[in-house]
Amino acid sequence: MNPFQKNKTMNINTKNPENPNSKGRVLVAMSGGIDSSLAAVMLHEQGYEVIGMTMKTWDYAASGGNMKKETGCCSLDSINDARSISVDLGFPHYILDIRSEFGDYVIDYFTEEYMEGRTPNPCVLCNTHIKWDALLRRADNLGCQYIATGHYANIREEEGRFVVSKGVDTKKDQSYVLWGVSQESLSRTMLPLGNLTKDQIRQMALDRGFDELVKKSESYEICFIPDNDYRSFLKRRVPDMDEKVGKGNFIMTTGEVVGQHEGYPFYTIGQRKGLGIALGQPAYVVEIKKDTNEVILGYKDDLYRDGMIVKKLNLQKLASIEGDVLTTTKVRVHHAGAPATITQSEDGQELTVLFHEPVDAIAPGQSAVFYDGDDLIGGGWIVSSFQQIGNERIEKNLFPTEVYKPKVV
């Protein structure tokens, strides 16, 4: 049973016959940062037989970064930090090279989504199709009953389903990026940090003499993009970008052409900075038209939409959506959430989301995540947004309904 939640007993043999005093063997994903390191420390102190594993997803040097000094999770320094913690505590540590899988899933997805005029959500896709799957496969090979990560969220079992809920540290809560994790994967996942704050984690590290972990700066960038410069990354991934796309027109919602842009893949819904255009008041990207290479600009009020269509669903707390369900819905990772009513289609393939008050900057390609209080009902990929005028819906940013489907490995 997950010791950090009051869950029902899982149907897993948690005893290791080679070490009868162990509570079970757990494979901990260790990036070398403070959060995953303390997750491993806590489980070790709880009496679990811990095995540390650092996943090498990307080569920073190949993408223009400094492989040794980079603060990201794949740098040599980060790998060495994870190994050092393992050595200090006396448990094994392995490096798992998943660069090929990561490239086939996440990198290709990231590039293709921007080329389709959508805004990708790589962390969600990585969690869903790479990290959890890769960890569980290796956990089975190593005889581990559980896997664990340093995410700030909680998991509990309720009425036969495994439910993700928000971490107690609202500023660090990471439940949003876990909506795609399957029930089977959740049943074997531990999240030791869910009931702790970041300040408590820092103090725990200091109390145990891991001062260097506390000093490490946190990275909020996409892990495979040095300096968060995704435009340069796309140009390297699509060498003939200028021929394929090229410059296009900035057009106001009124139809007036007000300048030229560098190509539609370099913009996202809600973007204000980096447009290179002055209109006397802040302008925002309100729509992207891939087929004509046009980027539609407007003002803040032009960003608001009454609802959206969501596909590729994964439900956690509920097995299905019956009738109209009231939720708090997040449309991006740092969105506070907005009251909304969600309705599932008869074939179960999509949700219509109607906000109680209009919401701004809804970007196709991003994740929509639905909450019941602190509990994660589930989530899906935003396909389009719409404005509701009486009984008429005017769809915006409408793209082909088949959002990116990762290759099967």
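From the backbone N, Cα and C atoms, a Cβ is placed for every residue, glycine too.
Per TrEMBL, the feature active site, nucleophile maps to Cys126. Under DSSP, Cys126 (active site, nucleophile) is assigned to a helix (H, G or I) in the three-state scheme. Every protein chain shown contributes to the tally, and the Cβ of Cys126 (active site, nucleophile) ends up with 25 other Cβ atoms within 10 Å.
As annotated by TrEMBL, active site, cysteine persulfide intermediate applies to Cys223.
TrEMBL lists Ala29, Met30, Ser31, Gly32, Gly33, Ile34, Asp35, Ser36, Met55, Gly150 with the feature ATP binding site. Long-range Cβ neighbours of Asp35 (ATP binding site) (same chain, at least 6 residues apart, Cβ-Cβ under 8 Å): Gly150, His151, Tyr152, Leu193, Ile201.
Positions annotated as domain 'tRNA-specific 2-thiouridylase MnmA-like central' by TrEMBL: 232-298.
Positions annotated as domain 'tRNA-specific 2-thiouridylase MnmA-like C-terminal' by TrEMBL: 306-382. The domain 'tRNA-specific 2-thiouridylase MnmA-like C-terminal' (306-382): residue composition by secondary structure is 0 helix, 49 strand, 28 coil, according to DSSP.
Look at TrEMBL and you will find 1-22 tagged as region 'Disordered'.
Positions annotated as site 'Interaction with tRNA' by TrEMBL: His151 (among others). DSSP assigns His151 (site 'Interaction with tRNA') to coil, not to a helix or a strand.
The site 'Interaction with tRNA' feature in TrEMBL is assigned to Gln366 (among others). Taking Cβ-Cβ distances under 8 Å and a sequence gap of 6 or more within the same chain, the neighbours of Gln366 (site 'Interaction with tRNA') are Thr119, Asn121, Val331, Arg332, Trp381, Ile382.
Counted within 10 Å of its Cβ, the other Cβ atoms near Met55 (ATP binding site) come to 25, all protein chains included. The recorded positions in question are Ala29, Cys223, and the one with the fewest Cβ neighbours inside 10 Å is Cys223. Straight-line distance linking the Cα atoms of Gly33 (ATP binding site) and Cys223 (active site, cysteine persulfide intermediate), rounded to a whole number, equals 13 Å. The DSSP secondary structure for Asp35 (ATP binding site) is helix.
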